[in-house]
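Input: a single structure, listed below in C-alpha cells.
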C-alpha cells in the first residue's frame, strides 16, 4: 500500500475512533445520570477505555481536520432529537457504524484493532438492547394479553394462576391504598412475575415502580407528564399511556410512549363517567398508530370477537380475569383466542 493511501487509512481510523469514543461517552452520561442499569454503565466505561488504548499517537498524527471535507457537512435531522432515549439510540447507531469502519480499514494496517472492533461491535448490540430496554420492548411487542389488577383479597393468588398458564404482562392498579401498602403488593408481584418470566408494570406511580424494580409504569392523561417520567426512569424502562382519542394517541407517540391503552372500548366501572370510545377508535389505532396498543374497557368473552374484528391484536382486561371463577382457565381461553390471530 502506498504511503499516501496508508495516511488516508490512518486518518479514517483516527476519525472513527473519535466518533466511537464520543458516542460511547454520550450513552455513558445518560446511563450515569439517568438511572440506567449499572452493568451497562460499567460496560460503557470499559469500552471507552479500550477504544482509548488503540487511539495511538501514530493515528493522531495522521489527523488533518482543516482539510477534512466532511467537517462542514450537515443534515437537517442532525439538529433534531425528540427525547433522551432518541439521543441514546442515535449514538448507539453512531458507535456501531464507527466500529464497522474500524473493523474493515484496520485490516489493512492494524489487524489487532480490526479483531477488537468486530468483538466490540457485537458487544454494543447487546449493550444497546440492555441499556435501552430492547429486550423489554421485544417482549412487550409479543404480548397479546395484559392483566390490570383491581383490589382483591386474593390478588396475588389470582395473578399467579394467570401467570401459570402464560400471561405475559401484569399491571398493578391500586388507586386508593397508602403508598406503603401498594409497595408491599408491588414487591410481591415483582417476585411472582420474575419467576414466571412476565413483564410487570405499576399504574401511575413512578416512585413505586422504581422502588419495586418494575419493568415500567403506566400513566393516565392526568398523571405525571411522560417526558418527566422518562427523565426519572431512564431509557430502558417501559412507559405506557392511556389514550381516549386520536389526538391523545398521536401525542403519546410523539412523547415517546412505548405502548398505548386504547379505550375504554365499552362501559366499565373502572372508568366510571367516561364515555366509551367504541370500536372505531380501536380501528383507528390499529391502522394509524405505530406503537403496540392494548384495547381496554369492558372486554370479556362476549365481545372479544368484535374487538378482534375491529383490528385489535392486543387487549387488556380487569374484571374478566380478576372476577373470574377460574382465573387460570379464563386466562388460557383469552390467550388461545388472541394467539390464534
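Glycine residues also receive a Cβ, built from the backbone N, Cα and C atoms like all the rest.
When Swiss-Prot records 171, 172, 173, 174, 175, 203, 271 as binding 4-amino-2-methyl-5-(diphosphooxymethyl)pyrimidine, the matching candidate from 242, 302 it lists for that site is 242. Residue counts for the region 'Unknown' (1-123) by DSSP state, with H, G and I taken as helix and E and B as strand, are 103 helix, 0 strand, 20 coil. Taking a C-beta cut-off of under 8 angstroms and a sequence separation of 6 or more, residue 271 (4-amino-2-methyl-5-(diphosphooxymethyl)pyrimidine binding site) has the following same-chain neighbours: 263, 264, 297. In the predicted model, the region 'Unknown' (1-123) shows an average pLDDT of 89. When the record's 4-amino-2-methyl-5-(diphosphooxymethyl)pyrimidine-binding residues 171, 172, 173, 174, 175, 203, 242, 271 are compared pairwise by CA position, the greatest distance found is 16 Å.
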